[in-house]
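If you check TrEMBL, you get these features:
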type: ACT_SITE; residues: His184; note: active site, proton acceptor
type: ACT_SITE; residues: Ser186; note: active site, nucleophile
type: BINDING; residues: Ser149, Ser194, Asp227; note: Ca(2+) binding site
type: SIGNAL; residues: 1-19; note: signal peptide
Amino acid sequence: MLKISVLILSLCLIAYANSADELYKKASEFEKNGDMKNALFFYKQAAKVALDIKDISKEFKTDKKQDHSMNFAHTDEPITDFFGLETFHTNYILPETYTKNIPDDGRKKFETKFQISVKKPLVRDILGLDETLYFGYTQRSWWQTSKDSSPFRENNYEPELFVNFPTDILTIPNLKNFQLGVLHNSNGKDGEQSRSWNRVYLRGNFVYDGFSIAPRLWWRIPEHDDDNPDIKDYAGNGDVSMFYKFNKHIFSLKLTNNLHLDKTNRGSAELGWIFPLFYAGFYGYVQYFNGYAENLADYDKHTNKIGIGFVFFK
């Protein structure tokens, strides 16, 4: 089954990362025993293995032109390895997720979920405000690896354009920057399964030592042919993302709500924990979701899900 292949690949990555740690320990033992020849040999081997794995634990650096809001936890520099692309939201794979309550549509409770998210700066300082125009792209996929045919149950595509403004414009305490953007969100399907909506949003990013909070409000752009006119009643009118960094651990919480003060109140909470696994800089990830609009196909269905996996890079 494809689920087994995904798990095997994940375990291979773990083993590869662990090998650097083992080599380093051997080198330390030889050094303690005074055998510098073997110690140097194993130190070199450990360094070679470690360099082959992307180190995702770069320390945060303060730069007024850097967009602190888009990297997860707002604490690390974006990776820019090719074509000027930078990491945007958290990039992860959860080989195994479990959903407590599922619709009676043939899906399995166990599935694989992953997210890929990048952004690219397009132009800078057009308005003379030291602003940067970005293009961002995020894709989330739900993969039924527990089924024999292993179909992709749902894919959500989210391209967006946003302008990042530095704090020089506003004198608000602890505000690092803010963004004004427009985004499209759809599942790429047609007919009755089609889901999509477009929004304009405003987001601020506040940082307090190791804690950051990013409230965002949006306005839905009206559509003539609306596939899901009530999606805002479930996905809400905005969200708040919070991150706390403790040593090499990062804890996150994302809340949404429709702000209805009656029995029609709907929202969601997504908890995340990123934690170090091995010496080589390999990170694990646990995610828990409870609420509505985890994806577009199930936006009006309550979901209670937990998953475990790995962060690609940040």
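Every residue number used here counts from 1 along the chain in the order it is shown.
Every residue, even glycine, has its Cβ placed from backbone N, Cα and C.
In sequence order, Ser186, Asn187, Asp227 constitute the residues six or more apart from Ser194 (Ca(2+) binding site) in its chain with CB-CB distances below 8 Å. In the three-state DSSP assignment, the secondary structure recorded for the residue listed as 'active site, proton acceptor' is strand.
Of all the recorded positions listed here (Ser149, Ser186), it is Ser149 whose C-beta has the fewest other C-beta atoms within 10 angstroms.
Reduced to three states, the DSSP call for Ser149 (Ca(2+) binding site) is coil. A Cα-Cα distance of 30 Å separates the residue listed as 'active site, proton acceptor' from Ser149 (Ca(2+) binding site). Of the listed recorded positions His184, Asp227, the Cβ environment within 10 Å is emptiest of other Cβ atoms at His184.
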